[in-house]
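Take a look at the structure set out below.
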Amino acid sequence: MSDYGSFPTQPLPTQPLPVRRGAGLARAGRGVAVASTISRATGFARTIAVAAVLGTAAVGDAYNGANNLPNMVYELLLGGVLASAVVPLLARRRGRPRSREFTQRILVAAVLMLAVVTVLTVACAPLIVRAFIADAGQRRLATALAYLLLPQIFFYGVSVVVGAVLNVRDSFAAAAWAPVVNNLVVLATCGIFVLVPGPLTLTPAAMTTAQILTIGLGTTAGIAAQAGWTVAALRHSGFRWSWRARPLPYTWRPVRAAVPIAGWLLVYAAISQLGVAVTMRVAFDHGGVSINAYADLLFQVPYGILAASLLTVLMPRIARAAAVGDERAVITDLARGARYLSTALIPVTVALSLLGPGFATLVFTGRVDPAAARLIGTAVACSAFGLGPFALVMLQMRVFYAHNDTRTPTLINLAMVTTKVCVLALAVSFLPPHAVIVMLSIASSSAYTVGAATAHLLLRRRHGLLGFTAVAAAAHRVVRATAIAGASGFAAIVLTGTTITTPNLAHPTELAAGTLVGSAAFLAAAKVIGIPEIRTARTLLTRV
């Protein structure tokens, strides 16, 4: 990849770019972790609210399906380029002459592209919906919602590209708070939706125009507010977004700098969205769109709290180190990230496997159909094994992108999507409908596992030893502590279940007992075994 400053002949700077270490990483990580935790908490509340007002049947599926379309189109056409290319591009340019002007042109070019893509996509809304939904009534509702929701593409893109600028400027927490604004707007929208006159039983045919406008415009308003927050944060950081008119060749020059990597990124996005399209079609055919969406949300909560903040902070560091050829720093950050991820996510994986069904039943019962609540919990428990591989493959992809390699991640993604599609094909062929819904989540976790293993082998072939001996040692210690905690938590659940026979009281009591006993057992075992990463996390938490 070449950027504007070096295209085509200007060499990289001889002095290394500043890479924040130690206390800087801790401070940035703490700020992002706090924002991510609140974001996930409000996001969870938002999901419960949407499930409560729309349910998990035809209306809920139509809404969740239509609300997923902006993500699909955005990722297919622009997401890979903006999210994965902009940070390395800006990181390499930072500190060079006219870097601010380069960033201005990146922003202007991104906004122009986003506007064009959004207008064209909204015009094609009926065709996009028809590709996924066979039922005529559900398709009409989804099309109406798609017209209101597809403008999110523009605001998604603005949030991503402005967030990338903030991250490269070492302003991590500001962008991390933006989803909280979105969640609060959607929560308010759900409250307004309840007050809008309409039928007691929601069906696609019975939804009123006022109800459709409320939920559709309110959801898009949340994404718009998120984008507005990031723009305000960028201005607060001292960066002034200039709209000064410039000749088009100058405005698009940063785009030409990204052309060498854009081709493979677009192929990557196309492969990803093929997997999403297959998943959505299977989910619609089996009535599991909402169930899969809510199960995925529960799966993503620990990732967002424990892993996303680390990846957000590490991406600019890895990009800067790779830009100056400091491979030791790249591998050190990769190993550090993998060690932290294994320490944080192995216990959570076991917790989701044991407590996922009870937690989903407790949270969703009364808001959705009890059978749907049980399916959500079962899907979470059965797919929990993919949490660690998912976080790891996200970290590994960042290492490839930092080295301007977009071909290898695309091939890894091809292996992942192929795995997912094959698992779903087998599930549809041999399993009953309710089991197919659970397999939607299992297929994703299987794909993450294949992706992480493939990426590790390719990174090792390219860079040699990756420091994963220390990662394996840390994981071994955590597995020992987690085994003790899991056995203790399971025993507490069984004992509580045999003691309390009232169903309404048994579920929350079992969940509380398993959580408290398992957590206490893990901390005690970790102290005896000795897991330094736990002490580091405790130190960071006390400083927040």
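Placed from the backbone N, Cα and C atoms, the Cβ positions cover glycine too.
TrEMBL entries are annotated by machine, without manual review.
From a predicted model like this one, the values you see are computed outputs, not experimental measurements.
Per TrEMBL, region 'Disordered' is recorded for 1-20.
Residues annotated as transmembrane segment in TrEMBL: 72-91 (among others).
Feature annotation from TrEMBL assigns transmembrane segment to 106-133 (among others).
Feature annotation from TrEMBL assigns transmembrane segment to 145-168 (among others).
Here the transmembrane segment (180-200) has Cβ contacts under 8 Å with residues 35, 38-39, 42-43, 45-46, 49-50, 52-53, 206-208, 210-211, 214-215, 218-219, 221-223, 225-226, 228-229 of the same chain, all six or more residues outside its ends. Residues or ranges marked as transmembrane segment by TrEMBL: 180-200 (among others).
Per TrEMBL, transmembrane segment is recorded for 212-234 (among others). Within the chain carrying the transmembrane segment (212-234), a Cβ under 8 angstroms from the stretch's Cβ atoms is held by residues 53-54, 63, 67, 70, 141, 144-145, 147-149, 151-152, 154-156, 158-159, 162-163, 165-166, 171, 174-175, 177-179, 181-186, 188-190, 192-193, 196, 241, all 6 or more beyond its ends.
The transmembrane segment annotation in TrEMBL covers 255-277 (among others).
As annotated by TrEMBL, transmembrane segment applies to 297-319 (among others).
Within the chain, the transmembrane segment (340-364) has long-range Cβ neighbours (under 8 A, six or more residues past its boundaries) at 48, 51, 294-295, 298-299, 302-303, 306-307, 310, 370, 372-374, 376-378, 380-381, 384-385, 387-388, 391-392, 395, 471, 474-475, 478-479, 481-482, 485-486, 489-490, 493, 507-508, 510-511, 514-515, 518, 522, 531, 533-534, 537. Residues or ranges marked as transmembrane segment by TrEMBL: 340-364 (among others).
Residues annotated as transmembrane segment in TrEMBL: 376-399 (among others).
According to TrEMBL, the feature transmembrane segment maps to 411-431 (among others).
Note on the transmembrane segment (437-459): residues 275, 279, 282-283, 286-288, 291-292, 295-296, 299, 334, 375, 378-380, 382-390, 392-393, 396-397, 399-400, 408-409, 412-413, 415-417, 419-420, 423-424, 427, 431, 466, 468 of its chain, located 6 or more positions outside it, place their CB under 8 angstroms from a CB of the stretch. Annotation source TrEMBL lists transmembrane segment at 437-459 (among others).
With a threshold of 8 Å between CB atoms, the same-chain residues lying at least 6 positions outside the transmembrane segment (512-530) that come near it are 347, 351, 354-355, 358, 477-478, 480-482, 484-493, 495-496. Summarising the annotation, TrEMBL assigns transmembrane segment to 512-530 (among others).
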Report, as numbers and ranges, which residues of the same chain sit near the transmembrane segment (145-168): CB under 8 Å and 6 or more residues beyond its ends.
62-63, 66-67, 69-71, 73-74, 78-79, 82-83, 86-87, 90-91, 94, 103, 106-107, 110-111, 113-115, 117-118, 121-122, 125-126, 128-129, 174-175, 178, 212-213, 215-217, 219-220, 223-224, 226-227, 230-231, 233-234, 237, 239, 312, 315-316
